[in-house]
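Chemist: Below you'll find the structure I mean.
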Amino acid sequence: MRRICIAGNWKMNTTISEGEQLASALVERMKSQSATVDVVLCPPFPHLQSVGKALEGSALALGAQTMHFEEKGAYTGEVSPVMLEGLCRFVIIGHSERRQYFAETDATVNQKVKAALAHSLTPIVCVGESLDIRHAGSFLSHIESQVKAAFDGVTLGNGSEVLVAYEPIWAIGTGLAASKEQAQEVIGSIRSTLKSIYGDAIADFIRILYGGSTNAENIDSFLAEGDIDGALVGGASLKVDSFAGMVEKAAGAGR
Ligand code: PGA
């Protein structure tokens, strides 16, 4: 059985001290739930050390929100996988905001997935369609091509771990979450695509999250769907009560 994963993407929010306080409060509140649910906090880069310190000795894990695929070089402002290795365990790759505002493409997502795995980082690979693509009815083929591109030439095995997050762009930060049926339809299809690439055994092991306006009120409905293994959470990850509330519901989901 796949363990539920609830990952918080803080995006460009919180000061260093707010981040420390949020992380410490979450550690305190989640002592029991984190035994059954994987909880990941993805703060901004400058917080990785201080939040990492706040998480020490707890079961909560740390992730970055993006990274460059090169190990080093003249890439002003970028952070490399070498810098993240040992500092955090997870890294979000190809979030739709990165694709929209920072020109990330399926090709760079693929390079980043390879770089993450080469540096013992677990990528959370984001895919999802715009409202136009949803309305045009071509969302399943759009997402299939994003998944195939992200994993092109990527070898999995020997304990290498990846997660996929299905995040419909129209549901992110809008308060308009996908329905559980919409999320399950796409996530089931992502699992089929992964099966076609890696075979059943590996694809059945990969956790696929839903993201887009999740909160403590709607998380239950997603977790009741067979293929949905957790959530990538934006807005609701910034408040102790809402994020801890989601983890508490996930711990009660009986997986
Ligand atoms: P949201 O963001 O939960 O605020 O909709 C999700 C995400 O962008 O990962």
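Please read every residue number as a count from 1 along the shown chain.
Glycine residues also receive a Cβ, built from the backbone N, Cα and C atoms like all the rest.
Remember, TrEMBL labels are computer predictions, not curated facts.
Per TrEMBL, substrate binding site is recorded for Asn9, Trp10, Lys11, Gly173, Ser213, Gly234, Gly235. Here TrEMBL flags His95 as active site, electrophile. Under the heading active site, proton acceptor, TrEMBL lists Glu167.
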Chemist: Does anything in the same chain, at least 6 positions from Gly173 (substrate binding site), have a Cβ under 8 Å from its Cβ, and if so what?
Modeler: Ser213, Gly234, Gly235
Chemist: So for Lys11 (substrate binding site), how many other CB atoms are inside 10 Å of its CB?
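Modeler: Excluding its own Cβ, Lys11 (substrate binding site) sees 18 Cβ atoms within 10 Å.
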Chemist: Which whole-number value in Å describes the distance between the Cα atoms of Trp10 (substrate binding site) and the residue listed as 'active site, proton acceptor'?
Modeler: 15
Chemist: Hey, what's the widest CA-to-CA gap across Asn9, Trp10, Lys11, Gly173, Ser213, Gly234, Gly235, the substrate contacts in the record, in Å?
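Modeler: Between the outermost Cα atoms of Asn9, Trp10, Lys11, Gly173, Ser213, Gly234, Gly235, the distance is 14 Å.
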Chemist: How many neighbouring Cβ atoms, not counting its own, are there within 10 Å of the Cβ of the residue listed as 'active site, proton acceptor'?
Modeler: 28
Chemist: May I ask which of the binding-site residues Trp10, Lys11, Gly235 have a CB within less than 6 Å of any atom of ligand 1, listed in sequence order?
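Modeler: Checked binding-site residues vs ligand 1; flagged Gly235.
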Chemist: Distance between Lys11 (substrate binding site) and the residue listed as 'active site, proton acceptor' at the Cα atoms, whole Å?
Modeler: 15
Chemist: According to DSSP, does Asn9 (substrate binding site) sit in a helix, a strand, or coil?
Modeler: strand
Chemist: If you count other Cβ atoms within 10 Å of each one's Cβ, which of the binding-site residues Asn9, Trp10 has the most?
Modeler: Asn9
Chemist: Residues with Cβ closer than 8 Å to the Cβ of His95 (active site, electrophile), same chain and 6+ apart in sequence?
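Modeler: For His95 (active site, electrophile), the qualifying residues are Asn9, Gln65, Thr66, Cys126, Glu167.
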